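> There's a structure below that I have some questions on.
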Ligand code: DMJ
């Protein structure tokens, strides 16, 4: 069924928004997000590997032809370094490793080179925003005291290691190793990593800590860097398990109704809110269970299962059976959004992602059932004639569509659904790690040194 969903999402993108970044499925036209500046074709690049894995050969060929002829990075555009890295660099790398087509390798390295000036700061912590023509960078104006964002500069590692691997140029890997060096020199409040770090002074900004937005994939990439290195990256491993320890002590709580959740931390005070984005952490804890100290393995799997259950509740307690952007555990509610501006669902993958990891790691059939409930809800409420749309209020009985088909719906949500209902030998965890946009990257096995992996 995820195959038919992919076909519907792709065909409509092709019909109404071909070559543009995303589709507006209600108004049936293109949607351009300023995250990608003038770079075009986000949906095409994000979807390449999903098309390949689902064996949609004709569509993959069209997408590849478009990349060959039209994907152009010589544009005067200010882009988000993080978004372009996870979606475009990640998408191109996966397409290369899966198909072996040289064009994808070439484009990935070319784009990687364009991103390098972002690291020209006093500390080497990159800017959030970069003009890829002038090479001038800056940070988000809203970020605490001119800071860079943890989840942004902390989510380059996997892609940049592969860029060095594929180009023979060590500079990419050096840039991301330096980020860790800066982080390891700093004192961390209670062992936690604040979301804001000033790239000029090398000091933390506001002491806000989150495993959701602004923090999330930094933690994910510590674990996955270690896994992708065939478990040789001891530094990444240590940073990950130390961070999880601090998260458990200071952020993870249980509601009176027995739901485990991950709160946010603001200068020592807890905000009892969990974001949809935070739900990815269930899968992360389970994926990391194996490498945890031996007495903790079962505990990490259990933690993953509890987060999965909480996030399922956040879906189940809405009228549309799709989860809100954020839900709270205070003021008498549990796993429910209380603020109007937190009630939307924008086709995000994190809950299904966690179901996929939990399914693969436990084979408990409830994860397939829960994913199936999400499929039914997506089909009922998000599917429209012109593709798939997000929803403004999941507690309402009537859909108010936001008119955006996010590119991560094709790269992540539909891919994770497909994997959940496939055998484990499609993209097995022994050979692949998924970047934060669900683009699979091969584990760099010790024994084959610089040889490329083309395993499926
Ligand atoms: C995606 O771009 C990635 O999963 C990122 O890590 C977080 N936000 C979206 C999906 O929700």
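Glycine is treated like the rest: Cβ placed from N, Cα and C.
The active site, proton donor annotation in TrEMBL covers 83, 325. Per TrEMBL, the feature active site maps to 216, 350. Taken from TrEMBL, the feature Ca(2+) binding site covers 436. Per TrEMBL, the feature disulfide bond maps to 279-311.
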> Taking each of 83, 216, 279, 311, 325 in turn, which of these recorded positions have a Cα lying within 10 angstroms of the Cα of residue 350 (active site)?
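Hits: 279, 311.
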> Does anything in the same chain, at least 6 positions from residue 279 (disulfide bond), have a Cβ under 8 Å from its Cβ, and if so what?
307, 311, 314, 323, 350, 351, 353, 354
> Which recorded positions of 279, 325, 436 contact ligand 1 in the sense of C-beta under 6 Å?
436
> If one measures from the C-alpha of residue 216 (active site) to the C-alpha of residue 436 (Ca(2+) binding site), what distance in angstrom results, rounded to a whole number?
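It is 9 Å, counting Cα to Cα.
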> Whole-number Å only: compute the distance from the Cα of residue 83 (active site, proton donor) to the Cα of residue 325 (active site, proton donor).
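Here the two Cα atoms lie 19 Å apart.
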> With every protein chain in view, what's the tally of Cβ atoms within 10 Å of the Cβ of residue 325 (active site, proton donor), excluding that atom itself?
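Excluding its own Cβ, residue 325 (active site, proton donor) sees 20 Cβ atoms within 10 Å.
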> Give the three-state DSSP assignment (helix, strand or coil) for the residue listed as 'Ca(2+) binding site'.
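Coil, per DSSP.
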> Whole-number Å distance between the CA of the residue listed as 'Ca(2+) binding site' and the CA of residue 325 (active site, proton donor)?
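So the alpha carbons of the residue listed as 'Ca(2+) binding site' and residue 325 (active site, proton donor) sit roughly 18 Å from each other.
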